[in-house]
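J.: Here's a structure for you.
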Amino acid sequence: MKTLIIETANAKILGELVTVSRLFGQAPDVVVLGSGELQGSYGKAYRLSDTLGANLGSSLSDLIKRERYELILLSTTAIGSGLAGPLAVSLGAPILSEVTAISPDLTIERSLYGSKAVARYKLESGPLVLTIKRKYFEAATLEGTTATEELPVGPQKITLLEEIEEERTGIPLEDAEVVVTGGRGIGSGDNFSILKEIAGMLNGAVGASRGAVDEGWMPPGAQIGQTGKIVAPTVYFAVGVSGASQHLAGISNAKCVIAINKDNEANIFKRARFGIVGDYKKAVPALINALKENA
Ligand SMILES: Cc1cc2nc3c(=O)[nH]c(=O)nc-3n(C[C@H](O)[C@H](O)[C@H](O)COP(=O)(O)OP(=O)(O)OC[C@H]3O[C@@H](n4cnc5c(N)ncnc54)[C@H](O)[C@@H]3O)c2cc1C
């Protein structure tokens, strides 16, 4: 199936899209957005120097129509999600967003209702636009680099005035092998310091449920879940988190979930491999002591 990937030069995200393209057979072509070296090898490789969807629509739809791509792959990043809808409209193509799995017979899956249900689709004919949910497909290793052919950017409809980089300290949540998340049960923003301590000891990152973010204890960038970040760490601590389906939607690929909650009926225990029923104010210091003893 003739496939086009549209993404920035971010190797991890590109790698996920390459993995998906391989399920559909043919080596993909790519349009890389913005600057940066393009890693990996592709059929044809193009570059659009802009990353603003509103300025790219006409160039991309011209290319897709001219080259008769049947499958257009984007990621669920702000750029990919913003581009996918207008692109599908201009191509008159269907779109499936936030794809989470593709089976060997090419049945495409996406989750619905905060991951309470799964919908399955079969592609009869292209073109089809897919946005691939981050962290659901193992990123392919991209060997070498590929030179790109510059495509003309369409009429400038929007101008980017300023980009303000999100303040980040430590490992980004999406890349952390250990994530320590606090929920409303943590009780205050100051109490998150104890979670930061364990995260620091385990070289991990601190996340938050929407409950904790809504309370103003952690910034929105730390939220994990359906409307937050998707993480796939080896170890995920959920501390004072009830385990609402919208939260679990962000950790479905976490390998080992350890829950600490004082309510033994909390839903998070259904997802956890290990659980501690009790007050985190007792359990977490005990955990820190055990880690220090075994350091
Ligand atoms: C459209 C939509 C999208 C959403 N997206 C997200 C999302 O992306 N991420 C997300 O997280 N939520 C999301 N939510 C909200 C979600 O439904 C829950 O309301 C939220 O996850 C609850 O946060 P919480 O578990 O921290 O708080 P609560 O539900 O209030 O749970 C707190 C938990 O802490 C425990 N606890 C209390 N004190 C202690 C203590 N001392 N020691 C140990 N345990 C204690 C309690 O037993 C309880 O289980 C979304 C909701 C909607 C409708």
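Any Cβ shown, glycine's included, is placed from N, Cα and C.
Pulled these features from TrEMBL for this protein:
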type	residues	note
BINDING	Arg184, 209-210, 223-227, 240-247, Asn261, 279-280	FAD binding site
DOMAIN	2-168	domain 'Electron transfer flavoprotein alpha/beta-subunit N-terminal'
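Explain the structural surroundings of these features, please.
T.: The Cβ neighbour count for Gln226 (FAD binding site), using a 10 Å radius and every protein chain shown, is 19.
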J.: Run through the Cβ atoms and count how many others sit within 10 Å of the one on Tyr280 (FAD binding site).
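T.: Tyr280 (FAD binding site) is surrounded by 23 other Cβ atoms within 10 Å.
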J.: Mean pLDDT for the domain 'Electron transfer flavoprotein alpha/beta-subunit N-terminal' (2-168), rounded to an integer?
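T.: Computed over the domain 'Electron transfer flavoprotein alpha/beta-subunit N-terminal' (2-168), the mean pLDDT is 91 on the 0 to 100 scale.
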